[in-house]
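Student: Pulled the feature table from TrEMBL, pasting it below:
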{"type": "DOMAIN", "residues": "6-361", "note": "domain 'Isopropylmalate dehydrogenase-like'"}
{"type": "BINDING", "residues": "78-91, 291-303", "note": "NAD(+) binding site"}
{"type": "BINDING", "residues": "98, 108, 136, 227", "note": "substrate binding site"}
{"type": "SITE", "residues": "143", "note": "site 'Important for catalysis'"}
{"type": "SITE", "residues": "194", "note": "site 'Important for catalysis'"}
{"type": "BINDING", "residues": "227, 251, 255", "note": "Mg(2+) binding site"}
Ligand SMILES: NC(=O)c1ccc[n+]([C@@H]2O[C@H](COP(=O)([O-])OP(=O)(O)OC[C@H]3O[C@@H](n4cnc5c(N)ncnc54)[C@H](O)[C@@H]3O)[C@@H](O)[C@H]2O)c1
Ligand SMILES: CC(C)[C@H](C(=O)O)[C@@H](O)C(=O)O
Ligand SMILES: [Mg+2]
């Protein structure tokens, strides 16, 4: 189907390939029943790209991704790549995409579907109705700041180091996204750092307070140390609306938030950059929060819902297809009442695999669209 919605599809490795294959069935359904077409190209990333080309991301795939309207990503990694040189590891492909596309704002929503209240490892009343957004800075901090490396010292021992540095503009741009998101939600923004021990945290808090005064009208800003935030997320997660935090803390806190929703297989994400003045859409990549899950890869057991909801974020944020995004999210919610993959299984439900879960979502879409 002819379309100006150019999407670069990067399935990656392990269950990334399985959940992406499932996502294609959703895309086919939208083409067939909603006349919603995409101009799809597919590329290799991570271990798959290393196996074929000796690098986790070729310049061509990067260029294709940058010229697409959006990138749909699966997952990368696997134990067979553990001994590769640092720059050749599958994860470097993902990190290069994020950095080169300047996707600094990573939105990780943690929503508890009513059907999954019992799948969470927390008590039902703590998570029922939970809807929080973790906003993770994605292009700076200890993932990218220099200096970093492993040096050999005079005595022959080695020193491995990374730098957790943030500049004022880096904090300002993620802070602005945080205020915008909070304004569109329930008006509460929690800025998370460790200003009690880290200079980058002191600057982070200082900039957030100034931004709040300058452009944070209508938003209630609070501050929390990252270690306390991890504790609060499992003690009383509903106290949060939007959490804005740095790259490393955001990585940890979002995995923690995943378990509130029942499984890592439920957490989608959108990685966004600045809005292109010509197209009016942001540079964007949509990626589930989970990895390639080597322990279940190749068995057809993976939960595809984080992938589907990442795609739904693409419909919403890149293509303004809110109606289709709502439909898909409602279908996911309905399907959970019928079938469950093993990671979200609770007694009394019917257990299925990736294909069965996908079929249940498509059945629900059929029913909803009728
Ligand atoms: N975005 C990404 O590509 C990404 C994210 C995280 C980890 N990784 C990589 O993935 C590899 C494995 O990492 P890990 O084991 O720490 O994390 P992981 O997310 O792959 O798996 C953690 C646990 O969660 C389970 N799980 C994850 N997603 C699931 C799903 N959709 N359905 C059912 N169960 C699911 C796995 O079976 C495993 O038990 C590593 O190479 C890591 O670097 C990649
Ligand atoms: C695979 C890895 C590079 C990645 C990260 O650390 O950012 C992952 O854990 C994530 O959460 O997206
Ligand atoms: Mg992570």
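Just so it is clear, glycine is given a Cβ too, placed from its N, Cα and C backbone atoms.
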Student: Just the recorded positions from 143, 251, 293 whose C-beta lies under 6 Å from any atom of ligand 1, please, or none if there are none.
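Tutor: The ones that qualify, in sequence order, are 293.
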Student: Given the binding-site residues 293, 301, and counting only Cβ atoms in the protein chains shown, which has the most within 10 Å of its Cβ?
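Tutor: The residue with the densest Cβ neighbourhood is 293.
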Student: Need the DSSP three-state call for residue 136 (substrate binding site) to compare against my parser.
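Tutor: Note: residue 136 (substrate binding site) is in a strand by DSSP.
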Student: Using C-alpha atoms, which one of the recorded positions 86, 143, 255, 293, 301 comes nearest to residue 98 (substrate binding site)?
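Tutor: Nearest in space to residue 98 (substrate binding site), counting only the recorded positions, is 143.
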Student: Could you check what DSSP calls residue 255 (Mg(2+) binding site) once collapsed to helix, strand or coil?
Tutor: helix
Student: Within 10 Å of residue 136 (substrate binding site) (Cα-Cα), which of the recorded positions 86, 90, 143, 251, 297, 301?
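Tutor: 251, listed in sequence order.
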Student: For residue 143 (site 'Important for catalysis'), which residues in the same chain are close in space, meaning a Cβ under 8 Å from its Cβ, but six or more apart along the sequence?
Tutor: 95, 162, 247, 248
Student: Specify the nearest of the binding-site residues 78, 251, 297 to residue 108 (substrate binding site), where nearness means the distance between Cα atoms.
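Tutor: Considering only the listed binding-site residues, the nearest one is 251.
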Student: Quick one: of the recorded positions 86, 98, 108, 194, 251, flag those whose CB is under 6 Å from ligand 3, and say none if nothing qualifies.
Tutor: 251
Student: For residue 227 (substrate binding site), which DSSP three-state class applies?
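Tutor: DSSP call for residue 227 (substrate binding site): helix.
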